[in-house]
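Chemist: When I checked TrEMBL for this same protein, it listed these features:
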type     : residues           : note
MOD_RES  : B:LYS41            : N6-(pyridoxal phosphate)lysine
ACT_SITE : B:LYS41            : active site, proton acceptor
BINDING  : B:ARG141, B:MET311 : substrate binding site
DOMAIN   : B:242-368          : domain 'Alanine racemase C-terminal'
ACT_SITE : B:TYR263           : active site, proton acceptor
Protein chains: 2
Amino acid sequence: MSSACTACAVLTIDLDALAANWRLLNARMAEAGGECAGVVKGDGYGLGLAPVACTLHAAGCRTFFVAQIDEGVRLRAVLGGAVPVYVLCGLLPGTAEVFAEHELAPVLSTPEQIAEYRRLPQAMRARMPRPAVHFDTGMRRLGLTVAEAEAFLDDNDAVSDVDPAVVVTHLACADMPAHALNAEQNALFRRLRDRLPGARGSYANSSGLFLGADSFFDLGRPGVALYGVNPTPGRPNPMHTVVRLSAPILQVRKIDGPESVGYGASHVMGAGSRVATVGVGYADGYPRALSNRGHGALGAWRVPVVGRVSMDLTLFDVSAVPEHEARPGAMIDLIGPLIPIDEVAADAGTIGYEILTQLGSRYQRVYTGGPEGAAA
Amino acid sequence: MSSACTACAVLTIDLDALAANWRLLNARMAEAGGECAGVVKGDGYGLGLAPVACTLHAAGCRTFFVAQIDEGVRLRAVLGGAVPVYVLCGLLPGTAEVFAEHELAPVLSTPEQIAEYRRLPQAMRARMPRPAVHFDTGMRRLGLTVAEAEAFLDDNDAVSDVDPAVVVTHLACADMPAHALNAEQNALFRRLRDRLPGARGSYANSSGLFLGADSFFDLGRPGVALYGVNPTPGRPNPMHTVVRLSAPILQVRKIDGPESVGYGASHVMGAGSRVATVGVGYADGYPRALSNRGHGALGAWRVPVVGRVSMDLTLFDVSAVPEHEARPGAMIDLIGPLIPIDEVAADAGTIGYEILTQLGSRYQRVYTGGPEGAAA
């Protein structure tokens, strides 16, 4: 609805901040001789695959990761050829032709996928970039077990057939630097990866890039930090803010006596208080879990969410804001300079990743900065 | 992504069940001389505005409600002329021309909106269907306060100028039949509505249609019940199931010894257990709050979510399912006959409305039944 949006909420996406975030993370890797890829799955973490990928590419990003095959197809159409696109779900049955047609690289994650890859006609494999292989070192989600990885590495024919360009693992606890699993995954990955000297090691996700140089290997794989979410929970956020979500007040209601507001009459306001209604609700990805917990900002004032977040509407207590400021048409930030996305997530009992990827389709999306044509 | 989707999750939407749900609710109203509108905001509660609206129209629905102006514009394009479309956010400043151009009817909800409507040139008003007026009887969200409503009703010129076709209020506690606010809202609405004999009274939402004939008035306004969510929480669901969400297993992992699974190593599984990975995560609207709490169904087996739901992937404990059933490619229902949407919502600490409207865009969407061309 972005082109025809009338009087609705505005989601502003700062593509220059996105580029700066990639450069910041890439510089960490470059000091150690590595580089950063860009993870753009989930529609560029909810911010739009095409503008996000164009911006990262213009900033210098030369390797991309997506989760699903269809995301890879869309990304290839955005990027054109030459830049490798890795598809994390791997070579699922019946999908090889799509990989070949769109020059996508599978991240092989089971012995069956490796066997299937090896069975493909050489001409078909030649149309894909060299694949990645996924070793599971502790996430127990996708990837070869250690035993399966060792069996693969012991099989010279298999290794030479597959000839992986990248070897991947995924950290389970990178946002908890003290967790014992970090050292375990690191040692395991180092041992397996050293047996594939022709492949680049891709180990660190956003938080992993802040675990120390031991975690760098060759190819960083940041996702959420690019989009401004704090990769170092509990410490200051080193990333630039990318997203701002603002919505106009539709109506301000003066409360005459003690009156409940919203569904379930879950909150009672006293006489003289004022409640502002904005046209954003959980159908827009503003979580219902923020009911009676979240905050917005109106100018310099923090204004609490009151009552239950409903499907299309949310109520804020603006009693502390002067009447001439809290008026219909005034904008309330739901995510913004005073309301970091990490705070919104914490209030909703989740993480910034979920807030980002659930950002709705009814917002007017405004892209600022970025390379020419990125937001077209 | 529905057309090019490869090896991904499948969201099946039963348009015949949707039509049957509308008929069931409309029959309740028809017995009392009324009828049911269709509420199709939030992209038809996440199921697709066009197929949903076409199906409801073919079933006999002749009045529609949306939340936002742009939804109205899209709906008018789907329905063509003649059928009134009410826009609940009302006549926001600067939007009158859009209302007129697309023959949308505003739901006037403040004295300012009524004044603005009265100032519009007669020729512009004539291009809109007659408006609705929204009286707030206890929700404190949108609508005229009782004092504002009475001032409007006392002003014969205003009433005759606006000439509302419908008078609307919204129930705060309809899903809690014993809540005292129900009787209060009913008495208040009846008193105000009786002063506008030329307008239809629209009072009951989905749950309101089960509060008894007192709540029927002229025009029911069901939303979520049409889509199969239970409008009578705590009692059997009278509605037909509309949605099924199934995802293929990507990989089955055998656990060798006590091993943690997923982010944060939040769940430990014992030797001999098996965990299945499916390609649906919170970026698809499968809430992260289901981590270690939700359930899927594989054939006749209920399989618990284990570990944290991640962005693109969710893990299920399939240890109790025979190996030849729990294999890559086998489908796990995330919402389905054994896993009602209301259960998914309860496990996630929310309501079916939020699960529906957050259904993601990466699913292959399959529409069954419905009128010819509805799913085109």
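Numbering starts at 1 and runs along the chain as it is shown here.
Positions of Cβ are set from backbone N, Cα and C atoms, glycine also.
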Chemist: Where DSSP helix means H, G or I and strand means E or B, what are the helix, strand and coil counts for the domain 'Alanine racemase C-terminal' (B:242-368)?
Modeler: 22 helix, 49 strand, 56 coil
Chemist: Could you tell me the mean pLDDT the prediction assigns to the domain 'Alanine racemase C-terminal' (B:242-368)?
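Modeler: Taking every residue of the domain 'Alanine racemase C-terminal' (B:242-368) together, the mean pLDDT is 96.
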Chemist: Tell me the Cβ neighbour count for B:MET311 (substrate binding site), meaning other Cβ atoms within 10 Å of its Cβ, over all protein chains shown.
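Modeler: Excluding its own Cβ, B:MET311 (substrate binding site) sees 23 Cβ atoms within 10 Å.
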Chemist: To the nearest Å, how far is the Cα of B:LYS41 (N6-(pyridoxal phosphate)lysine) from the Cα of B:TYR263 (active site, proton acceptor)?
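Modeler: Spelling it out, the Cα of B:LYS41 (N6-(pyridoxal phosphate)lysine) and the Cα of B:TYR263 (active site, proton acceptor) are 35 Å apart.
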Chemist: Quick check for the class: what is the C-alpha distance, in angstrom and rounded, between B:TYR263 (active site, proton acceptor) and B:ARG141 (substrate binding site)?
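Modeler: Between the alpha carbons of B:TYR263 (active site, proton acceptor) and B:ARG141 (substrate binding site) there are 39 Å.
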Chemist: So what sits near B:ARG141 (substrate binding site) in its own chain, CB-to-CB under 8 Å and at least six residues off in sequence?
Modeler: B:HIS170
Chemist: Helix, strand or coil: which one is B:ARG141 (substrate binding site) in, per DSSP?
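Modeler: For B:ARG141 (substrate binding site) - judged by DSSP and reduced to three states - the answer is coil.
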